[in-house]
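Participant: Here it is, the structure, as structure tokens.
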Amino acid sequence: MEEPQKSYVNTMDLERDEPLKSTGPQISVSEFSCHCCYDILVNPTTLNCGHSFCRHCLALWWASSKKTECPECREKWEGFPKVSILLRDAIEKLFPDAIRLRFEDIQQNNDIVQSLAAFQKYGNDQIPLAPNTGRANQQMGGGFFSGVLTALTGVAVVLLVYHWSSRESEHDLLVHKAVAKWTAEEVVLWLEQLGPWASLYRERFLSERVNGRLLLTLTEEEFSKTPYTIENSSHRRAILMELERVKALGVKPPQNLWEYKAVNPGRSLFLLYALKSSPRLSLLYLYLFDYTDTFLPFIHTICPLQEDSSGEDIVTKLLDLKEPTWKQWREFLVKYSFLPYQLIAEFAWDWLEVHYWTSRFLIINAMLLSVLELFSFWRIWSRSELKTVPQRMWSHFWKVSTQGLFVAMFWPLIPQFVCNCLFYWALYFNPIINIDLVVKELRRLETQVL
């Protein structure tokens, strides 16, 4: 009976001599260790998966990886992880000396202090400002983005109803009507769309009741004589050049966005989405496969010659296009390489007098896309991932190519109504979505650890 008592007393003496290891026969520091630093847990934070880590270890992991996932099992956590109060109090009571030493080391490490501050700021942005506002935030349906989607849904319904009601008028456009069947009013409409200068001759054409058949027979000499009396040689040349295009096509060539969409629904949808997601590849495609009809007017609009900067309107300037000069190519290539979305914004700016609101939507969207692209480059630079740029470029090229081929294969099967919905969504709704993306990037930049 005496020997067991002695062994028990010896065990208690050993525990008093080594208080950092255990306070009982079966509890040691190793059982409360963090799987990141392999030291005792300080402010233990338990994730949704059940794993616990030191809060500063979790903050360092988040700052370096920018991922909201468990460092051990890689399961994503939901919400913002909090300190396990029960586990923290138990560890502090069992191992007070060890916790005190760890706290002193942590407070002396500036990197850890900054990471904890950034991590907490990130958490404050994720949770409601006050407990009483939790239910109100849920009723708001997710905040700003939910409100945006609600507004977009209402606007989408209005636009789709408008498109449905005006569907017949789209087929009555002059781009679908043979020239020989034009009335005198339609001839005047065609003339006025050449530019503001053409309104000078409106009454002369109306008084003579020039219809489509008569228009096809007019020559340059007749335009210069009574009753038309077009004395300005550049005006006569512009009218004759456009008349030659009308004779060659048999219909009026498209001169604005809606006429272009009516004649080329597939190409307009392709250009809208391609220039939005991959402007550099899209412009390269236009240069290789659609040089005369699309690329040449585009480069002359965004990089005009100095002698072209006269009072002529945009339609008149695009009637007779020559090969770009080296100066135009230099200006284009610089913008193409560094600011591709600026090219789209400049093109839309030149069409403001024709498409007042639509051009403004395009300009705003181009600016937002430029900012988002800048954020992408900043992330690559800050994470030292420049070596991955070639791989990213190849992946992007492969993704865009496969998507384009997929759409081209199934294009005949896609209803026109669906194409119109996609077109209006990308044209008017995408800028509002990009505003929300820019706001999120700015918030993320605030919490980024430098």
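Note: Cβ is positioned from N, Cα and C throughout, glycine not excepted.
Checked Swiss-Prot, it gives:
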TOPO_DOM  1-140  topological domain 'Cytoplasmic'
REGION    1-20  region 'Disordered'
ZN_FING   34-74  zinc finger
TRANSMEM  141-161  transmembrane segment
TOPO_DOM  162-331  topological domain 'Lumenal'
DOMAIN    182-249  domain 'SAM'
CARBOHYD  Asn232  N-linked glycosylation site
TRANSMEM  332-352  transmembrane segment
TOPO_DOM  353-360  topological domain 'Cytoplasmic'
TRANSMEM  361-381  transmembrane segment
TOPO_DOM  382-404  topological domain 'Lumenal'
TRANSMEM  405-425  transmembrane segment
TOPO_DOM  426-450  topological domain 'Cytoplasmic'
Participant: So if I exclude everything within five residues of the ends of the zinc finger (34-74), which remaining residues of that chain have a CB under 8 angstroms from its CBs? That is, six or more out.
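Facilitator: Residues 81-84, 87-88, 91, 95, 98-99, 102-103, 106, 111-112, 115-116, 118-119, 122, 383, 448-449 contact the zinc finger (34-74) from elsewhere in the chain.
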Participant: Taking DSSP three-state, what's the residue listed as 'N-linked glycosylation site' in: helix, strand or coil?
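Facilitator: DSSP call for the residue listed as 'N-linked glycosylation site': coil, neither helix nor strand.
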Participant: What is the Cβ neighbour count of Asn232 (N-linked glycosylation site) at a 10 Å cut-off, with all protein chains included?
Facilitator: 12
Participant: For the topological domain 'Lumenal' (382-404), what are the same-chain contacts with Cβ under 8 Å, counting residues 6+ beyond its ends?
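Facilitator: Same-chain contacts beyond the flanks: 66, 270, 274, 277-278, 281, 448.
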Participant: Could you give the residue numbers and ranges of same-chain residues that sit at least 6 residues beyond the transmembrane segment (361-381) on either side and whose C-beta is under 8 angstroms from one of its C-beta atoms?
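Facilitator: Distal contacts: 276, 339, 341-342, 344-345, 348-349, 388-389, 392, 427-428, 430-431, 434-435, 437-438, 441, 445.
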